[in-house]
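Asker: One structure coming up, written as structure tokens, with questions to follow.
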Amino acid sequence: MKKIKCALIGPGNIGTDLLAKLKRSSVLEPVWMVGIDPESEGLNRARELGIKTTAEGVDGLLPHVLADGVQIAFDATSAYVHAENARKLNALGVMMIDLTPAAIGPYCVPPVNLKEHLGKREMNVNMVTCGGQATIPMVAAVSRVQPVAYGEIVATVSSRSVGPGTRKNIDEFTRTTAGAVEKVGGARKGKAIIIINPAEPPLMMRDTIHCLTETEPDQQRIAESIHAMIEEVQKYVPGYRLVNGPVFDGKRVTVFMEVAGLGDYLPTYAGNLDIMTAAAARTAEMFAEEMIAGNLTLEPVVA
């Protein structure tokens, strides 16, 4: 079976977890891992898996893109450098899956809007944030039943699972997640809060989703919609679980979720890594299937 060759930029927690998932993919083949520190654990791990590596950043990858047939690149670095990375790789006809909160391209939350991206030939799609991937499906589950005036999400993650890149991007995280709660989740106004909990042993990712509906909530239809959406997310993140809810209080609908990871890189408490990397892999696989079927040809983008 033909596989689409991929590069990963950023060998941190997210990049390393994503590499494990891509190694299992039937349509994606990771061939390059890009970093900036030759001694980094992520680059060493990639080398051990037989992946080509460079410690010279994206510039170290560019000369090899065409020779090695790289067609999709995953950026798991930082919002600050994503624009430059995307510009350089798009110019060579490489599609970008953006796992930073840069959000240059349109937001993608697979169970909600993955199919919409298919015919649009986008060269850059943004995976929002781990908090966004865990909570926006629940906001969308309510908003597809009736209008949501306000959606607020609180993502609680273990300190150990949050690397230096994510810490530098906290403001971007909250802005990008709130924007996607509105654009993808369907809330008229969105707000996002992230809590990084230093408890030891590390706690599992927990997410609280509040929605204020414009009219009295249709409790039965909302509950059915939420359970159906949870099943959709579980197709690619089996550890996505309803802890409590939906709880109805006047026009407020609250859902409490927990996300366990597969333990590919960090232990299972780091569900925040899994929900992000599994969503990114799922998105890339859909585009790869279209490429293999001959329905999608990537074109260089001149910035």
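Along the chain as shown, the residues are counted starting at 1.
In case you wondered, yes, glycine gets a Cβ from its N, Cα and C as well.
Keep in mind that what you see is a predicted model, and the values were worked out from it rather than measured.
According to Swiss-Prot, the protein carries these features:
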ACT_SITE  Cys130  active site, acyl-thioester intermediate
BINDING   Ser161, Val162, Gly163, Pro164, Gly165, Thr166, Arg167, Lys168, Asn169, Asn272  NAD(+) binding site
Asker: If you count other C-beta atoms within 10 angstroms, which of the binding-site residues Ser161, Asn169 is the most crowded?
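Answerer: The residue with the densest Cβ neighbourhood is Ser161.
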Asker: Could you round the CA separation between Ser161 (NAD(+) binding site) and Cys130 (active site, acyl-thioester intermediate) to a whole angstrom and send it over?
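Answerer: Each residue's Cα considered, Ser161 (NAD(+) binding site) and Cys130 (active site, acyl-thioester intermediate) end up 11 Å apart.
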Asker: Provide, as an integer number of angstrom, the distance between the C-alpha atoms of Asn169 (NAD(+) binding site) and Cys130 (active site, acyl-thioester intermediate).
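Answerer: Computed Cα spacing between Asn169 (NAD(+) binding site) and Cys130 (active site, acyl-thioester intermediate) is 12 Å.
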Asker: Fill in the CA-CA distance, Arg167 (NAD(+) binding site) to the residue listed as 'active site, acyl-thioester intermediate', as an integer in Å.
Answerer: 13
Asker: What does DSSP assign Ser161 (NAD(+) binding site), in three states?
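Answerer: Looking at the DSSP assignment, Ser161 (NAD(+) binding site) belongs to a helix.
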Asker: How many other Cβ atoms sit within 10 Å of the Cβ of Gly165 (NAD(+) binding site)?
Answerer: 20
Asker: Look at each of the recorded positions, Cys130, Gly163, Arg167, and point out the one with the fewest other Cβ atoms around it within 10 Å.
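Answerer: Across Cys130, Gly163, Arg167, these recorded positions, the one with fewest Cβ atoms within 10 Å is Arg167.
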Asker: For Cys130 (active site, acyl-thioester intermediate) and Gly163 (NAD(+) binding site), what Cα-Cα distance in Å is obtained after rounding to a whole number?
Answerer: 13
Asker: Looking only at Ser161, Val162, Gly163, Pro164, Gly165, Thr166, Arg167, Lys168, Asn169, Asn272, the residues listed as binding NAD(+), what is the longest Cα to Cα distance in Å?
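Answerer: The widest Cα-Cα gap among those binding residues is 17 Å.
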